[in-house]
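Before any comments, here is the structure.
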Amino acid sequence: MTNKWLRMAALALPPVLAAFYIAGTTVEGVPTWWHPGMIDLAVYTRTGQNVLAGHDIFDAQGQLPWIYPAFAALLTVPFAWVPFELAAAVWLLLSVAALAAVLHRLGLTGWRLSLLATVVVLFVQPVRDTLWFGQLGIFLVAAAVLDSMPGPRVFRRRLLPEGWLVGTVTAIKLTPAVIAAHNFFAGRRKAGLIAFGAFLVATGLGFALLPQDSLAYWTKLATGDSGLNSGIVYATNQSVLGMWTRLAGHTSGGGLALAGLVLVLGLVASVLLHRSGQAAVALCLAGLTSLLASPISWSHHYVWLVPLAIVLWQHRELPGWFRWTGLGYSLWGMVAPFMWLRRGDDVEFAYQPWEQLVDNLGIVVGVILLVLAIFVARSGNQGALRSTPEAISPVAE
């Protein structure tokens, strides 16, 4: 037993050290004595303090705003009880554990898992910046993957009904609702309904304990105020609406309509691909759809690129033109060349054509990948795809 725990600690050490290095590095890339910035985690801890003090959770007092539902604010309270450095350390450990759980579900174990997790933490922009900001994107992806992705499990039996994790995190941030919709329309209606029920339970808890804050959040959302509307044009907003705004010079109903069409397109693609026997790839495309169709999807939100790249690499029975398009798209998002563009103060409205190309290329290719997925699902390769293990058991229990 002792040797087992020592081996697990040795395997966990490289990605954990990498995460602590990333979080404790200044913007200039110069290592400092470990004092993490993690500006999003700072918002979470401030919100937890506001909850304990009975203050308005949306009162930013000139700092970064809280933009999530009241239920999510309840979950920040434990981080308000401890010093920020301790909260940051716990957050990083949980984030690395969530990333490792995703990789394990995709079939990676031992040193393969440890080394890949370390590489991902250090070099994949969405994951690296998620850790640096102290963002929750890794947890959202992990919830969906652990809930619905085929693959090996740590426990033989489910600890929670399928759909419960997705529904709960949807009450924290709305984008995972696309995963619940995907499951429902793909024929796994029970999982979709459980997700909806879990969302209602969690949201109801938020209303019960923080009624005024809950009402304020949902009222603002109903009027189109996400809390970050002014940032839609920003270069690192890699959503369809962000692209539309940069190209058109303004946000309009046309951009919202296009985002809605991409949402429908992505759901059709993921559902058809699931029914053709590719449950893992389909789930990743549903996650990708949730980001493309969302009004704001910062580049570090694209943690879904990690499982997408892995499953595309693993499933070599898929057509090469689809696999390599997806792998190229994933690599582009992992490197994120648009991060080197000038940005801020609405300079994006004055982009040259080549800057528009660099900034929006990934979004366009992401939409193209969804279209290609429909052709894959409906092509003559369906017979071969249905012979894969996933077609027999869409979700490994």
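The backbone N, Cα and C atoms fix where each Cβ goes, glycine too.
TrEMBL lists 66-94 (among others) with the feature transmembrane segment.
Per TrEMBL, the feature transmembrane segment maps to 106-125 (among others). Beyond the transmembrane segment (106-125), the same-chain residues lying 6 or more positions past its ends with a Cβ under 8 Å from any Cβ of the stretch are 11-12, 14-15, 18-19, 21-22, 96, 99-100, 131, 145, 149, 151-152, 280, 299-300, 305-307, 310-311, 314, 333-336, 339.
Under 8 Å from some Cβ of the transmembrane segment (163-185) lie the Cβ atoms of residues 68-69, 71-72, 75, 136, 139-140, 143-144, 146-148, 191-203, 206, 263, 266-267, 270-271, 274, 282-283, 286-287, 289-291, 293-294, 297, all in the same chain and six or more residues away from its ends. Annotation comment: TrEMBL describes 163-185 (among others) as transmembrane segment.
Look at TrEMBL and you will find 191-210 (among others) tagged as transmembrane segment. Counting same-chain residues at least six beyond the ends of the transmembrane segment (191-210), those with a Cβ under 8 angstroms from any Cβ of the stretch are 51, 57, 69-74, 147-148, 161-168, 170-172, 177, 179-181, 183-185.
Sequence annotations record features per position, and here TrEMBL assigns transmembrane segment to 253-273 (among others). Remote same-chain residues near the transmembrane segment (253-273) are listed as 178, 181-182, 185-186, 239-241, 244-245, 281-283, 285-286, 288-290, 292-295, 367, 370-371, 373-374, 376-378 (criterion: CB distance under 8 Å, separation of at least six residues from the stretch ends).
Per TrEMBL, the feature transmembrane segment maps to 279-300 (among others).
Listed by sequence, the residues of this chain that lie at least six past the ends of the transmembrane segment (321-341) yet keep a Cβ under 8 A from its Cβ atoms are 123-126, 235-236, 238, 299, 302, 305-306, 308-309, 312-313, 315, 351, 355, 358-359, 361-362, 365-366, 368-369, 372-373, 375-376. Annotated transmembrane segment per TrEMBL: 321-341 (among others), in sequence order.
Taken from TrEMBL, the feature transmembrane segment covers 361-377 (among others).
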Non-local residues, at least 6 beyond the ends, that sit with Cβ under 8 Å of the transmembrane segment (361-377): 238-240, 242-243, 262, 265-266, 268-270, 272-273, 275-276, 278, 281-282, 285, 288-289, 292, 318-319, 321-322, 325-326, 328-329, 332-333, 338
Intrachain neighbours beyond the transmembrane segment (66-94), with Cβ under 8 angstroms and 6 or more residues off its ends: 16, 19-20, 23, 34-36, 38, 41-52, 57-58, 60, 131, 134, 139, 171-173, 202-203, 205-207, 209-210, 213-214, 217-218, 226-228
Same-chain residues at least 6 beyond the ends of the transmembrane segment (279-300) whose Cβ lies under 8 Å from its Cβ atoms: 106, 125-130, 133, 135, 137, 141, 144-145, 148-151, 175-179, 181-182, 186, 226, 228-229, 231-232, 236-242, 256, 259-260, 262-263, 265-267, 269-271, 273, 307-308, 311-312, 315, 318, 333, 336, 338-339, 363, 366-367, 369-370, 373, 390, 394-395
